[in-house]
Amino acid sequence: MKGFLSLTLLPLLVAASPVAVNSIHNDAAPILSSMTSKDIPDSYIVVFKKHVDPSSASAHQSWLQEVHTAHTGRMELKKRSLFGFDFEAFMGLKHTFHIAGSLLGYAGHFHEDVIEQIRRHPDVDYIEKDSEVRTMSEGSVEKNAPWGLARISHRESLSFGNFNKYLYAEEGGEGVDAYVIDTGANVKHVDFEGRANWGKTIPQGDADEDGNGHGTHCSGTIAGKKFGVAKKANVYAVKVLRSNGSGTMSDVVKGVEWAAEAHIKKSKKGDKKFKGSVANMSLGGGSSRTLDLAVNAAVDAGIHFAVAAGNDNADACNYSPAAAEKAITVGASTLADERAYFSNYGKCTDIFAPGLNILSTWVGSDHATNTISGTSMASPHIAGLLAYYVSLAPAKDSAYAVADVTPKQLKAALISVATEGTLTDIPSDTPNLLAWNGGGSANYTKILADGGYKAHNAETTVEDRIGIIIDSAEKAFHKELGAIYSEIKDAVSV
């Protein structure tokens, strides 16, 4: 979606980046507006300067409430005195943010006169127009096995013999919490085996349930018994999108804050069975400096973060949270080892994972499944893989215990062991890397020591690979048919 709103009396300065900046005074905080998503009228995210501490932020917010209340009162008086005059009621303060001691700010619904006063406050760094975010899935249905799991556990392209064979360490995901920041999750689904929990509902007035299915699907790919990469991880649903699959940038930032705080609280408990936290965000909108900073702050707090690259077949750097430098930005690949036709690309894309026709958990019943596509489906493969690798570290009460692997270290490790050069239709400025789980090994140190792998079939075409799969299927079919014929022949002979 294209579009942006600017204040009608302000000149618009458009930089080379996909963010428009509005400003009329050199000493006033700029108003940022994405040019690749739809702004929400009169809704803003305000970010403080680095020197502002929580106490000063609280004082500022008290001042803001006074300004907002006074303005509302003036508008009420004007409404009574002028026949036919009407004005929209503004909600005022909606969220406050303080993420891992790094990002400090708030969001709300304000009249432009109030925003002008906020802009001139010396504590304000910038203001961002709140905007729409949406899930990153593409609709399609196909009832087949989760080939994506098989693909990340094999180096070479899949054949009929290993098409649905997932090689993995049974303890994968144990002791790891996965925060799925999405539409919620069907926590009673049997595939979660009781490991799924409702974390937090951010949109005001929304129910504690997944009325969409998208978040449940992502959760299943991360940690489901049948459909998951890390089959023993715990899932925490953080609902930031409504049942229609869309929401606001400010709600998403608040969801990131909740996950970061939950992780920090869990880390401080000293539970020796707890190994770490991962997060997945299979959603996105236009470029948002605030959301990117929020994700980076959560990573600094210790969360291993995977985000979808986006489904616009465009440069991922123009979208958030895909542009968050400390997260792992994931593009989508197909069964034929090509970049999915919708997948974003570019230098902000770190790695690829299966994202076309992915089968996973769904809503409607505790056994429901669905097959959908998108970078939304690729990202949870990586979130699950992060949980998988984190869990392979020795337990904290073990004689072999080591220091926790940091998000920066694990991101580098994930990239270093990936399968290189196997994908087609990859632009020159995009890493040609496909995720790998170690081929079933439970030895994290050995997986790292073995390092990456350059695919032997890097130069084959998509048509060649499809042909290989079909040939393998035909050979397997004839082999099976021959075995059945032999059994019948032996039975007749007897």
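Cβ from N, Cα, C; glycine included.
Straight from Swiss-Prot, the features:
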DOMAIN    146-448  domain 'Peptidase S8'
CARBOHYD  ASN244  N-linked glycosylation site
CARBOHYD  ASN280  N-linked glycosylation site
CARBOHYD  ASN443  N-linked glycosylation site
REGION    180-198  region 'IgE-binding'
REGION    209-231  region 'IgE-binding'
SITE      ASN311  site 'Important for catalytic activity'
Between ASN311 (site 'Important for catalytic activity') and ASN280 (N-linked glycosylation site), the C-alpha gap once rounded to whole angstrom: 16
Secondary structure of ASN443 (N-linked glycosylation site) (DSSP, helix/strand/coil): coil
All-chain count of other Cβ atoms within 10 Å of ASN311 (site 'Important for catalytic activity'): 24
Summary of DSSP states over the region 'IgE-binding' (180-198), given as helix, strand and coil counts: 3 helix, 6 strand, 10 coil
Neighbour tally for ASN443 (N-linked glycosylation site), based on other Cβ positions within 10 Å of its Cβ: 12
Distance from ASN280 (N-linked glycosylation site) back to ASN244 (N-linked glycosylation site), taken between C-alpha atoms, in Å: 19
Residue counts (helix, strand, coil, in that order) that DSSP gives for the region 'IgE-binding' (209-231): 10 helix, 0 strand, 13 coil
Nonlocal residues around ASN280 (N-linked glycosylation site), in sequence order (Cβ under 8 Å, 6 or more apart): ALA178, TYR179, VAL180, ILE181, ASP182, CYS218, ILE222, PHE305, ALA306, VAL307, SER379, PRO380, ILE382, ALA383
For the region 'IgE-binding' (209-231), mean pLDDT (0 to 100): 97
Cβ-Cβ neighbours of ASN244 (N-linked glycosylation site) (radius 10 Å): 11
